[in-house]
Amino acid sequence: PVLSVPPCMFRIRHALLLILQTGNSFTTLGTPFFRGYLGSAALSKKRPSMDTPSTPSEASDKKQKGNGEEDDSKGNGGHAMLYLCRHGETYWNAEARIQGQTDTELNDKGIHQAKLLAQAMEKWPCTALISSDLKRAYNTAEILREGWVKAGREVPKLIPDKRLREIHAGDLQGKLTHSKEVEGLRKGLYRRWKCGEEDAKYPGGGESLLDLVTRAYKALDDAAIRAGNGGHAVVVCHGGLMRSVVTDILRKERRKMPMPPATNCCVCTFRYDLSTKKITIV
């Protein structure tokens, strides 16, 4: 007899395989994370250990010691850790509308997600707290800070940075993502970006992929400098910016990996070399 398997089971199987390959099995208090081992573990013949450290700072220290590298936080330029967090859900997220730089606000679910993220990151070190100046990101960062202050932590001042905004999607902002018009324009634009035309812009005064990545790297440079040698910067921003930075890093390192979805209030961890300005995925 032929066993009929629903299509959704194949998607579940793919998700499970991705978790096993990358070690990205992080779901804390209902808040999805994608951090740790992205790319390098899947390319390695040795399966990554699932006994993960309790905090990203421990992960960084463990990685350096395991590779026989010296801790360069005391010299040679040092390094800083960057924790990029996506904002909580908005009303337009729930409606599947393209936000771009439209200044939308968090809905009740998004506020709850931000509170859960604050709890999940309560013991994570933070020497700099920076956010996109758009409400959905800035309010998420405010909730993080309020939660940490209530927990008795010393938390740095929240700094807004407009360079961390989402990509400006031009005429597509406010439109439903599944409409035929949007799907057609996006596919054409993404195809051009993949073919090397990274300066191709969204129609109607929008930005290009090159515009987004250029300003994002400048903002991350300053965030790492603000965090300081051996410091930790929490950066609250947007899904498109996060995906673009991760994709660009993987491309530069010639790594081919499936891109995890940048869900609301997810976190991606990077190590920033202060002497070379090189960013690597931890």
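Note that Cβ sites are derived from N, Cα and C of the backbone, with glycine treated the same way.
Automated prediction, rather than curation, is the source of TrEMBL annotations.
Listed in TrEMBL for this protein:
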type	residues	note
ACT_SITE	His87	active site, tele-phosphohistidine intermediate
ACT_SITE	Glu166	active site, proton donor/acceptor
BINDING	Arg86, His87, Gly88, Glu89, Thr90, Tyr91, Trp92, Asn93, Arg136	substrate binding site
COMPBIAS	59-68	compositional bias 'Basic and acidic residues'
REGION	44-78	region 'Disordered'
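Overlay of TrEMBL annotations on the structure.
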residue : record                                          : Cβ neighbours (10 Å)
Arg86   : substrate binding site                          : 27
His87   : active site, tele-phosphohistidine intermediate : 31
Gly88   : substrate binding site                          : 28
Thr90   : substrate binding site                          : 22
Trp92   : substrate binding site                          : 20
Arg136  : substrate binding site                          : 29
Glu166  : active site, proton donor/acceptor              : 25
- prompt: Given Arg86 (substrate binding site) and Glu166 (active site, proton donor/acceptor), what distance in Å do their CA atoms have, once rounded to a whole number?
  reply: 10
Field: Rounded inter-Cα distance in Å - the residue listed as 'active site, proton donor/acceptor', the residue listed as 'active site, tele-phosphohistidine intermediate'
entry: 11
Task: Rounded to the nearest Å, what's the C-alpha distance separating Arg136 (substrate binding site) and His87 (active site, tele-phosphohistidine intermediate)? Just drop the number here, would you?
output: 6
